[in-house]
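Below you'll find the structure, written out as structure tokens, and then a few comments.
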Amino acid sequence: MASINQSQEASSNGAEATLSNDGKIERTLSQRDSDLEGAKSPELEIKVAGEGEKSQIFSCDKYFLGIKRLYKDQWLRYGCDDMERTRSYQVWPGKNVFFFRGRLICGPDPRGLLLTAFSIIISSWIFAVYIGDDISKHSDLIITFCVILTVIVLVNLIMVSTIDPGIIPRNNKPSMEEEVGTSHGIRKKMVTVNGVEVKMKYCQICRIFRPPRSCHCAICDNCVEKFDHHCPWVGQCIGLRNYRFYLMFVSSALIFFLYIFAFSCRRINQRMSQTGTGLFGVVRNCPETLALASFSFAAIWFLGGLASFHVYLITLNQTAYENFRQRYISSPNPYDQGRLSNIKEVLFVPLPPSRVDFRAEVTPRFHAKPAILENIEANTSRSREDDAKAVPDEHLIAVDFPQK
């Protein structure tokens with residue numbers, strides 16, 4: 001095999017090749033300076049194997065490109081299996097927090113829920129330890145009934161705070177402006193409900209026309225059907241599917257604190273009669289009873305006012321949001337069917353199923369691409385230009401790496 005020396009002019013291009021008389025090619029590649037001091041790396045001799053030679057033959061460009069493609073294929077083959085089994089709740093764009101693999105859905109801020117649950121539990125504990133045991137007659141029965149009320153209140157609290165309030169699915173299609181085909185877009189539609197025209201506003205976040213009585217909760221970042229309000233004490237939106245449990249929670253909590261307040265006042269009265277002291281003596285002798293009675297009194301006023309307000313809304317078939325916005329002052333309420341029918345609709349009509357299956361499997365196209373896939377695709381796109389410049393299959397070359 002003929003040997004060709006590297007010329008000074010071709011060193012800037014990195015390679016020089018000449019053709020000898022016997023038709024064989026020898027290429028000498030010189031690497032440019034690789035460090036700051038100007039030291040040159042050792043030369044790589046890349047030779048085209050002639051007939052009969054037993055050198056390992058492959059293309060450098062296609063070799064590295066093949067590695068990248070193989071790695072991507074293996075990722076798509078084995079990595080996408082997990083992605084296909086990814087549940088909807090894991091990639092849900094709202095701010096909700098999910099438990100038990102999407103079976104329970106809570107609001108983004110659990111502090112209100114924890115504070116409410118703690119206040120109920122600690123009130124029941126103080127009542128059982130300091131008040132129930134101090135009652136001479138039927139103390140076990142009184143404590144048992146208090147425990148039952150506590151369990152009922154906590155169950156209703158869990159139900160209202162972990163059930164889907166009526167979240168409306170989002171639209172993954174192009175935005176409304178692209179669908180409508182106008183630059184300004186249509187921001188509302190008019191529909192007729194029981195002979196009354198009602199607006200359907202467009203939600204830019206969810207990309208849908210919200211059904212009547214719906215609203216986008218800024219805290220949970222979801223459009224909720226028949227939105228009533230976002231309750232900070234349970235940390236969840238109150239809507240179509242959990243409004244009934246919300247009423248049950250408020251009513252049971254009101255009864256619970258009325259029960260505690262009544263027996264707390266009874267114990268305070270007994271202590272004042274036995275000791276012959278006034279209120280200051282009660283503070284010194286049984287401060288926990290006075291604190292529980294004061295807290296129960298405040299809770300009764302708050303829950304009583306809240307329950308009365310929602311009873312008023314039920315009879316009118318309004319939501320708290322509609323009442324706050326005064327939606328039906330200038331127009332009749334199309335949902336008002338009479339008091340009995342309104343109460344029946346809220347309390348006895350079967351709840352509709354959830355419109356979003358948070359445990360459903362989603363396909364990879366709904367996921368944000370992992371960084372490794374993005375890097376692979378970027379490298380693959382950049383390597384397409386290298387494919388055009390790659391050495392053809394009939395001109396494969398053998399690489400001999402220099403030894404140290």
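Each Cβ is built from the backbone N, Cα and C atoms, and glycine gets one as well.
Predicted automatically and left uncurated, TrEMBL annotations should be read as such.
The annotation region 'Disordered' is assigned in TrEMBL to 1-25.
Look at TrEMBL and you will find 1-21 tagged as compositional bias 'Polar residues'.
Feature annotation from TrEMBL assigns transmembrane segment to 112-130 (among others).
Under the heading transmembrane segment, TrEMBL lists 142-163 (among others). Sequence-distant contacts of the transmembrane segment (142-163) (same chain, six or more residues past either end, CB-CB distance under 8 Å): 99, 104-107, 113, 116-117, 120-121, 124, 127-128, 132-133, 135, 231, 234-236, 238, 241-242, 245-246, 248-249, 252-253, 255-256, 259-260, 263.
Positions annotated as domain 'Palmitoyltransferase DHHC' by TrEMBL: 199-326. Helix, strand and coil residue tallies for the domain 'Palmitoyltransferase DHHC' (199-326), in that order: 76 helix, 19 strand, 33 coil [DSSP].
What TrEMBL lists as transmembrane segment is 245-263 (among others).
Among the features that TrEMBL reports, transmembrane segment is placed at 290-315 (among others). With a threshold of 8 Å between CB atoms, the same-chain residues lying at least 6 positions outside the transmembrane segment (290-315) that come near it are 119, 123, 126-127, 130-131, 247, 250-251, 253-254, 257-258, 260-261, 264-265, 268, 279, 282-283, 323, 339, 342-343, 346-347.
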